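**Q** To start, I am sharing the structure in question, which I have written as structure tokens.
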Amino acid sequence: MQIQAIELAHFRNYRGLQVDFMPGVNIFVGANGQGKTNLLESIALLSGGGSHRDARDAEMVQWQEAYYRIKAMGTADGQPVVIELAFGGERRKLAKVNNRRLRRIADLSETMNTVVFSPEDLSLVKGSPAQRRRYLDRELSQASPAYGDVLSRYARVLTQRNSLLRRLREGSATAAELELWDDQLAPLAVETLARRLDGLARIAPYARQIYRGLSRDKEQIELTYRSSFPLPDDRSRWLEAYRKALQERRAEEIARQATLTGPHRDDLQLFLNGRDARIYGSQGQQRSIALSLKLAEIAFIHQIKKEYPIVLLDDVMSELDPDRRQQLLSELESKNIQVFITTTHLHAFSPEQLGRAGIYRIQAGQLSRSNE
């Protein structure tokens, strides 16, 4: 899908906004704190994956207002599409596509997909395992809402099991109760793990190919999945292996009041020329790997959905050196991908790039089209 126009009501610092967009590159320029990222966030929400800033819906409602509403008009497969997302009031949160209410907010990803690239993504390599798990989970959830459902159910059962572990330590629960939660957790853990590994097997070739191009065939990367428990070669034995791992660490889990084995403890390992990129990669190499992962995300979604996602570059251009900026924009423009970029200045763009882009000045939630 490509967005032709968007309307906001009571979203963050936008009381009301209506703006038309270009089919290619759109640049939002302004000082920090004026609403550039808020506008990108509103677009990201329309793909059903939640806020890329991990914000709660109530935090996105304008101060002293009761609701927010986002409406986008665009085209998909040559047909007009209208997406609406609202939060607040009696129904709390609802989503519509062409005036048809969706059963789940996550179903928005069937109509529109987005890939967000922010400065935090540049630390994907050296960051925490949780950051790399989020990268993988958000990507797979957009490609398949069913994966998002499995992940949500796993998280809910995990929370309940951790609560029971605390009660076990206090003496107010029994081992039999824990077995019941293990029965629910284990199949969800194994399904989450299987879907992650299958997804990674499709993403990794793109990342390897893209990184080879960025390094001009001088270096290569490998992506591997590190499970928190030993995985048998035979997938039919994974459930048994996971239950065994839970049993072996039960005393430790009760003592620490937390589940210590499962997909929530796994990691995506990144290797550069056979060595751990987190330890041995330079900052430039780590950023190139992060860039490769995000571009691989775009290619993966295109493979699944047969169309490119909308790309949101949130204050990331100033964090890249000129070569990587040029490589990124050239890659996106060559595929006719619709791109939204936030920046505090236009120095990072060539006159030719600015001439092709839609440029919008943002100040205190007010937006105006610029001719620069």
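Cβ coordinates are placed from backbone N, Cα and C, and glycine is handled just like the others.
Features from Swiss-Prot:
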type: BINDING; residues: G30, A31, N32, G33, Q34, G35, K36, T37; note: ATP binding site
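Relative to the rest of the structure, where do these features sit?
**A** Around the Cβ of N32 (ATP binding site), a 10 Å sphere holds 9 further Cβ atoms from the protein chains shown.
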**Q** Can you tell me how many other Cβ atoms are located within 10 Å of the Cβ belonging to K36 (ATP binding site)?
**A** 24
**Q** May I have the list of same-chain residues other than G30, A31, N32, G33, Q34, G35, K36, T37 whose Cβ is within 8 Å of the Cβ centroid of the recorded ATP site, in sequence order?
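**A** For the ATP site the neighbour list reads N38, T342, T344, I362, Q363.
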**Q** Near the Cβ of G35 (ATP binding site), how many other Cβ atoms are there if near means within 10 Å?
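**A** For G35 (ATP binding site), the count of other Cβ atoms within 10 Å is 24.
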**Q** Which of these binding-site residues has the least crowded Cβ, counting other Cβ atoms within 10 Å: G30, G33?
**A** G33
